[in-house]
Amino acid sequence: MPRRTDLRHVLVIGSGPILIGQAAEFDYSGTQACRVLRAEGLTVTLINSNPATIMTDPEYADYTYVEPITPDFVERVIAQQAERGNKIDALLATLGGQTALNTAVALSENGVLERYDVELIGADFDAIQRGEDRQRFKDIVTKVGGESAKSRVCFTMEEVRETVGELGLPVVVRPSFTMGGLGSGMAYSAEDVERMAGHGLASSPSANVLIEESIFGWKEYELELMRDRHDNVVVVCSIENFDPMGVHTGDSVTVAPAMTLTDREYQTMRDLGIAILREVGVATGGCNIQFAVNPKDGRLIVIEMNPRVSRSSALASKATGFPIAKIAAKLAIGYTLDEILNDITKETPACFEPTLDYVVVKAPRFAFEKFPGADATLTTTMKSVGEAMSLGRNFIEALGKVMRSLETGRAGFWTAPDPIATVDEVLENLRTPTDGRLYDIEFALRLGASVEQVAEASGVDPWFVDQIAGLVALRTELLDAPVLDGTLLRRAKNSGLSDRQIAALRPELAGEVGVRALRQRLGIHPVFKTVDTCAAEFEAKTPYHYSSYELDPAAESEVAPQAERPKVLILGSGPNRIGQGIEFDYSCVHAATTLSEAGFETVMINCNPETVSTDYDTADRLYFEPLTFEDVLEIYYAESASGAGGPGVAGVIVQLGGQTPLGLAERLEQAGVPIVGTSPKAIDLAEDRGAFGEVLRTAGLPAPRFGLATTFDQARRIAADIGYPVLVRPSYVLGGRGMEIVYDEQTLEGYITRATQLSPEHPVLVDRFLEDAIEIDVDALCDGTEVYIGGIMEHIEEAGIHSGDSACALPPVTLGRSDIESVRRATEAIAHGVGVVGLLNVQYALKDDVLYVLEANPRASRTVPFVSKATAVPLAKACARIMLGASIAQLREEGVLAATGDGATTARNAPVAVKEAVLPFHRFRKADGAQIDSLLGPEMKSTGEVMGIDHDFGSAFAKSQTAAYGSLPSEGTVFVSVANRDKRSLVFPVKRLADLGFKVLATEGTAEMLRRNGIPCDEVRKHFEEPGAGRPARSAVEAIRAGDVAMVINTPYGNSGPRIDGYEIRSAAVSMNIPCITTVQGASAAVQGIEASLRGDIGVMSLQELHSELGN
């Protein structure tokens, strides 16, 4: 049957900002859905608050609303479309993660969908409830003959205690309707139960938690299934978790297809999965079901299901080449599986289940170094911030590739010094899962532990441990062989070992370069295989490749000759991490699409399964490979060979994928690879403070005084000369890694000890820190002659808070025309001085009317997508064209850039866009269960961002806060406790809050100052003060935890007692999920946002409408 003809207009809800537990995989899913629906002739309206996504580009929907994803704002969008005669017929919420699903449930429950006659498609309200509600899902499992863990849904702490008494400790606590395992965990004691169930009841939208028997240590599996309205069901992929139950699947290494299932177990799982899917009632879309198997007796239970496209769906799509989100969207509008053609073979229908003749391994990327004090134990609450995926012809090859894809500083086994430990100590470590468990398993085996001992200690299946044991045996062979011959080297490469790993074992080969030279002499190169969904039964029409070192020297590569068009290789950004997220993938995708249109053949290299760039139809060719020098060079050789006789490889783009490809630029150029755009030498010049300082001196541009130090003595002398506070940081980092504001010599000494370990080959930078300065961010283009200012952003927080964590406004809200003109002149001088061809990001600080240059990055920045959305100018597309020879004048003529003016000449009535960072503090706790500090500083900690856009700053800021944190309060009590230096600045914002009807609560010193300024307030004591002696009975922390505070304003003190008090206050605010503002500027912005909300004139506006207003 063809698609439903009664559907003309579909609303798609995106997933909002990148969060731990809900990341870029939903940008990938939503982008696919929007493309499919529009291709089918449907009108598509999209709501998503995340400007960094491809799906919020205006060309992917007819009406794109970058607005908060709340029931209220979604209703405003539905109403606006209805008022304009564009009635929305259906809502597709299964492709936007838990955020979209929860919003759809709320819209259904509050009657909005019924009032506007909007149908839920993909999964209806009842199906969502049956799949998401723990008790209803458990009843369904029982009904179809399956078994669940013994459990009970509890709504109160009394019910929780009663259930724990029946089941016995330990138990697992799981809230309903949350994502990434938020609020869940293992409770070993009564105290654990009280704490975790309390958090769980607070974090569950339905205010209930599931208390279940512990199945920790069992083997975990997942099935990805799809069903159409004719009841056809396919199992797309089976996935096995390397780690046992107890580690969230998002934090586990996972393998596809499942490796250790017996055929009988798989068939049982498959039958159960299909029966559950039918009973839940997901009739037109995909779902993910998780199972656990007891390795001792084979008992199989069903854990849970997601009645939507999930994180695992993105992984399964990339692993198999079966586009789950795309097919789910087609099923939702009425197609059946047998009517949908497989994109890769162009012959088989989607009802053919994919067959894999390779192994896929996904590994998580963590960022514990960003959160000092956070407990790094892996639990049922997800903590990883990104992931990498690799494909190989066997498990151990894929494992080796994925380990070097993670970019943690270790390129797999044997590339870092071993810890000093005994075999018993390592085995004991393995009993507590951490992010270093793969290395611990290999080390324990190398120290003499048996496969059985390691499997028992770690809970990892003996089959996986045995695979790593085989690698340990191969290591011994590599160390002991008198000569490294072709047979042994080929075996090592077939086992996933990199040249760098082999070089670490054979010092006589003089490093990675020597190993590569030996391989070339022996004719050992990878062959590139194709992902074809059918184990080569049909020919693949889509070039989606992975490398493998086959044992058979005669094995042939499957890269088809392509000699017609010049090729451009685009290096992606690798796994998401704090400091390098999907903003960089966004730029890579734009480069691929625009260069294809301009007549180039685009080749994407990346290893991140969450992203749009690794979709098989984003670039003309995709290599799912690690972004290392060795792997990229082999792809370059393969592409050069496949293009023989034609124009060949025009160049490699390293400027768009963040620090990862930039770090490869110099070595690639030395190996003869043509780098397009800004040269590696110019990139190095901008990073080298001495050389960059010379550029600034020549241009007459001031910069904060600084010095370079390799010892503490040097750093001490520089700091004493410049004057404290100073900003210290290593060079060549992204996301402010290792950056600190230092107020005294003692702290400086501790920092230098750590920092020199962090980056031994580069000196530490010691800069004067400009307190109370306005920070300014600029994105610009340069074609070598002309400079085009893309956008000038004014940070809301003062300089000193990492730009990635600071909210910012575009156009600037307090800068004058002369300030903007100074910024333009400085940016032009830097672009020409460095030699930029492509994108440039410059950060400035404005203090006492002097514009200081903080740093310049000749690459795409994380603000490029935000600026592009706010100004209607596709900066990444323009950059890609410039790198391959187009001029700014030419791009103005073509309409890619504004015909006149640029981002520094915005109209006076232009709407204001505010970007706000989204921070993951609620995910991380200390080992004792305490919250980590939410104080911002020069090291980046945010995982994602949102955008608010409106006709004035207050309204735009209010939207950004609603999108990021669930809105600013409109009434209630505001608690204020600030450092002495901030008291004068905060009088007016707090006075305005009091005038708006808020009650004010403050600690003694702040209360006294507020009363002197005519602001009535109640007093509470500081957390570390005892009650009595004239002090109030309640402390600030007690008031917050009691739910009596709607917002906190707390600026940090020095390093004394009050600083500790500030930590407790901020931690309490995070745990109660209320706004916590830590800067004076943030407080002023919040007041403007609250005023705008209370006025009630905040509307919604599509990007298409906004861009037509801007004249683009």
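Using the three backbone atoms N, Cα and C, a Cβ is placed for every residue, glycine included.
The annotation ATP 1 binding site is assigned in Swiss-Prot to Arg134, Arg174, Gly180, Gly181, Glu213, Ile215, Glu220, Gly246, Val247, His248, Gln290, Glu304 on the grounds of sequence analysis. Feature annotation from Swiss-Prot assigns Mg(2+) 1 binding site to Gln290, Glu304. Taken from Swiss-Prot, the feature Mn(2+) 1 binding site applies to Gln290, Glu304. If you look up Swiss-Prot, you'll see Glu304, Asn306 marked as Mn(2+) 2 binding site. Annotated Mg(2+) 2 binding site per Swiss-Prot: Glu304, Asn306, in sequence order, evidence recorded as sequence analysis. The ATP 2 binding site feature in Swiss-Prot is assigned to Arg729, Arg768, Leu770, Glu775, Gly800, Ile801, His802, Ser803, Gln843, Glu855. What Swiss-Prot records for Gln843, Glu855 is Mg(2+) 3 binding site, and it gives sequence analysis as the kind of evidence. The Mn(2+) 3 binding site feature in Swiss-Prot is assigned to Gln843, Glu855; the stated evidence is sequence analysis. The feature Mg(2+) 4 binding site is assigned by Swiss-Prot to Glu855, Asn857. Annotated Mn(2+) 4 binding site per Swiss-Prot: Glu855, Asn857, in sequence order, evidence recorded as sequence analysis. The domain 'ATP-grasp 1' annotation in Swiss-Prot covers 138-333 and rests on sequence analysis. Here Swiss-Prot flags 693-884 as domain 'ATP-grasp 2', drawing on sequence analysis. Feature annotation from Swiss-Prot assigns domain 'MGS-like' to 966-1112. Annotated region 'Carbamoyl phosphate synthetic domain' per Swiss-Prot: 560-965, in sequence order.
In this record, ATP 2 is bound by Arg729, Arg768, Leu770, Glu775, Gly800, Ile801, His802, Ser803, Gln843, Glu855; the longest C-alpha to C-alpha distance in that set is 18 Å. Of all the binding-site residues listed here (Val247, Leu770), the one with the fewest other CB atoms within 10 A of its own CB is Leu770. Burial estimate for the binding-site residues (Glu213, Glu220, Glu304): highest at Glu220, by number of other CB atoms within 10 Å. For the pair Arg729 (ATP 2 binding site) and Val247 (ATP 1 binding site), the C-alpha distance works out to 34 angstrom. Taking a C-beta cut-off of under 8 Å and a sequence gap of six or more, Asn306 (Mn(2+) 2 binding site) has these contacts in its own chain: Gly131, Cys287, Asn288. Counting other C-beta atoms within 10 Å of each candidate's C-beta, the binding-site residues Arg134, Arg729 are led by Arg134.
Across the domain 'MGS-like' (966-1112), the DSSP tally of helix, strand and coil residues reads 69 helix, 21 strand, 57 coil. On a Cα basis, His802 (ATP 2 binding site) lies 43 Å away from Glu213 (ATP 1 binding site). For the domain 'MGS-like' (966-1112), the model gives a mean pLDDT of 85. According to DSSP, Arg134 (ATP 1 binding site) sits within a helical segment. Around the Cβ of His802 (ATP 2 binding site), the number of neighbouring Cβ atoms within 10 Å comes to 22. DSSP gives Arg729 (ATP 2 binding site) a strand state. Leu770 (ATP 2 binding site) is 52 Å away from Glu304 (Mg(2+) 1 binding site) when you measure Cα to Cα. Put simply, Gln290 (ATP 1 binding site) is 47 Å from Glu855 (Mg(2+) 3 binding site) when counted between their Cα atoms. Listed in sequence order, the binding-site residues from Arg134, Glu220, Asn857 having a Cα within 10 Å of the Cα of Gln843 (ATP 2 binding site) are Asn857. Between the CA atoms of Val247 (ATP 1 binding site) and Asn857 (Mg(2+) 4 binding site) there is a gap of 38 Å. Non-local contacts of Gln290 (ATP 1 binding site) by the CB criterion (under 8 A, 6+ apart in sequence, same chain) comprise Glu220, Tyr221, Glu222, Thr249, Val302, Ile303, Glu304, Met305.
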